[in-house]
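Comments concern the structure below.
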Amino acid sequence: MSFLSRQQPPPPRRAGAACTLRQKLIFSPCSDCEEEEEEEEEEGSGHSTGEDSAFQEPDSPLPPARSPTEPGPERRRSPGPAPGSPGELEEDLLLPGACPGADEAGGGAEGDSWEEEGFGSSSPVKSPAAPYFLGSSFSPVRCGGPGDASPRGCGARRAGEGRRSPRPDHPGTPPHKTFRKLRLFDTPHTPKSLLSKARGIDSSSVKLRGSSLFMDTEKSGKREFDVRQTPQVNINPFTPDSLLLHSSGQCRRRKRTYWNDSCGEDMEASDYELEDETRPAKRITITESNMKSRYTTEFHELEKIGSGEFGSVFKCVKRLDGCIYAIKRSKKPLAGSVDEQNALREVYAHAVLGQHSHVVRYFSAWAEDDHMLIQNEYCNGGSLADAISENYRIMSYFKEAELKDLLLQVGRGLRYIHSMSLVHMDIKPSNIFISRTSIPNAASEEGDEDDWASNKVMFKIGDLGHVTRISSPQVEEGDSRFLANEVLQENYTHLPKADIFALALTVVCAAGAEPLPRNGDQWHEIRQGRLPRIPQVLSQEFTELLKVMIHPDPERRPSAMALVKHSVLLSASRKSAEQLRIELNAEKFKNSLLQKELKKAQMAKAAAEERALFTDRMATRSTTQSNRTSRLIGKKMNRSVSLTIY
């Protein structure tokens, strides 16, 4: 007798009852089974893999099930038809502590297993013992008679009856779907049986691994809907993260284990679930970004300040902060067009470049009715092309000092763009904007109201629709008037030097040259290193610098870093306003020190004169006193004596 038998004697059994449970999985070509199999296939063939859960009774007084490798009661299988043919598959497990004579009542000392509706294989995890069911009137399988509802009775009766499809016992028994909703299944995971593997092979539809075994159609449909509704994210091609993503290829597939608080399950997420969560979503197009009109809700349009090939630019004031912005709106719908990529490229470049004093600042972008809108910094001076047109109308030109300042500031903007491994590829007067600001001088802070402020002109680079990477260029050719010859020949080895070439021609246009040709002999002469005719006299050093910038060999052209450090641009004749202000403050400080020293010297001189005068006075006074107190010794003195008698 085992230890369990000595401590706890087996409970009394009914007449003819056995201590073991025998359950059969009956597969018959009846209509009920076919209907149930069709329902299970509709739920998804991946739900019956058995990888995610296994049967286990909570708070069961029985010991846990032994693994197949551990020593234990031997397993016996009753003869039956082959798994491939319609018939019944019977698997018996010998319960520990089985009493003798069980073979007579139940057909042998065989173990128990749960019949799983719609699974095709029984779970090897241990089910409750026979005494647990002997006192109950419910069973997970239907019995033949209303009086005998125990698992033993069902097993004995089924041995002699024909094949029947498994069905719930009676209304009190929880149905299979409700049982699944209880989520009473835990590790260890149930391995696939031969029959379930065969069914998985025959399945026509393949689901993602890791799908929950007990996910019904409503939940799975809801989950797929949620996945489809997940906000998508664009990948910025100009960020370092995008390079790492493309270089690494697909994300590594790994498994993770997490705890499900709702049912106490230690579940293992599969590879494809993680891929669905971490895989970068496809690019958001203009059509998918439609929303309520943000332009009319958040901004008040003041006027139209410009237009071009891409669209129109409007001067707007934001209702929330009251600041003025430039809103760029595409003329025609961009969804699915070639201009859509240019619009997205401009947004990507603005987001990566961030804020720089010589690059137009970017704030936000969105889509409305298939149109792209970009919120940028408002430059009150307009574009350089507008200024050149105005100068041409009044026959006035930028002076050499102003041209040097223009070249220096735009060169600093290009240096910043090139330092981010990007190239602009469309430098021209219409893409350079002017911002005029009033900056208080230090003299105003000291109380000098004659020169209280100075106008500072800032040149900023805008329109980043042609920006591309230096390492992996996707060149979209810009204006042919400012296009370098090597770019036209599809030689992209020196793309930053193409921006230098275009900048030189931009300065030439600002100097008063005639409009540049789009093609022809004059176009080729410029690509050979000949400057267009300039209607004003420039210094030889500045002219030579412009010639070097349009040299036919791109390697001979200076880089943006070398350009901003050139001696011609940093000569003493042209100093910035900040440098002049610093020198002025230094001279004022020196002047104040000299004034203080002068006052000290004057005070010292006055004190010395006062001390000298005081010394003279003291000397004169001492001489006078000495003369009055002196006596003549050895001489006769006449004294008068008066006597008054009363």
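Just so you know, glycine gets a Cβ as well, placed from its N, Cα and C.
Listed features, source Swiss-Prot:
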MOD_RES   Ser53  phosphoserine
MOD_RES   Ser78  phosphoserine
MOD_RES   Ser85  phosphoserine
MOD_RES   Ser123  phosphoserine
MOD_RES   Ser165  phosphoserine
MOD_RES   Thr187  phosphothreonine
MOD_RES   Thr190  phosphothreonine
MOD_RES   Thr239  phosphothreonine
MOD_RES   Ser270  phosphoserine
BINDING   Ile305, Gly306, Ser307, Gly308, Glu309, Phe310, Gly311, Ser312, Val313, Lys328  ATP binding site
MOD_RES   Ser307  phosphoserine
MOD_RES   Ser312  phosphoserine
BINDING   Asn342, Gly465  Mg(2+) 2 binding site
ACT_SITE  Asp426  active site, proton acceptor
MOD_RES   Ser642  phosphoserine
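Mapped onto this structure are the features recorded in Swiss-Prot.
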residue	record	DSSP class
Ile305	ATP binding site	strand
Gly311	ATP binding site	strand
Asn342	Mg(2+) 2 binding site	helix
Asp426	active site, proton acceptor	coil
Gly465	Mg(2+) 2 binding site	coil
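Looking only at other Cβ atoms within 10 Å, the busiest spot among the binding-site residues Ile305, Val313 turns out to be Val313. For Asp426 (active site, proton acceptor), the count of additional Cβ atoms within 10 Å of its Cβ stands at 22 [all protein chains shown].
In this structure, Gly311 is the one among the binding-site residues Gly311, Gly465 with the smallest number of other Cβ atoms inside 10 Å of its Cβ. Of all the binding-site residues in the record (Ser307, Glu309, Gly465), the one with the smallest CA separation from Asp426 (active site, proton acceptor) is Gly465.
Most Cβ neighbours within 10 Å, among the recorded positions Ser307, Ser312, Asn342: Asn342 holds that distinction in the structure as shown.
Cβ-based neighbour count (10 Å, all protein chains) for Glu309 (ATP binding site) stands at 9.
Counting only the Cα atoms, the space from Asn342 (Mg(2+) 2 binding site) to Ile305 (ATP binding site) is about 21 angstrom. Between Ile305 (ATP binding site) and Ser312 (phosphoserine), the C-alpha separation comes to 8 Å.
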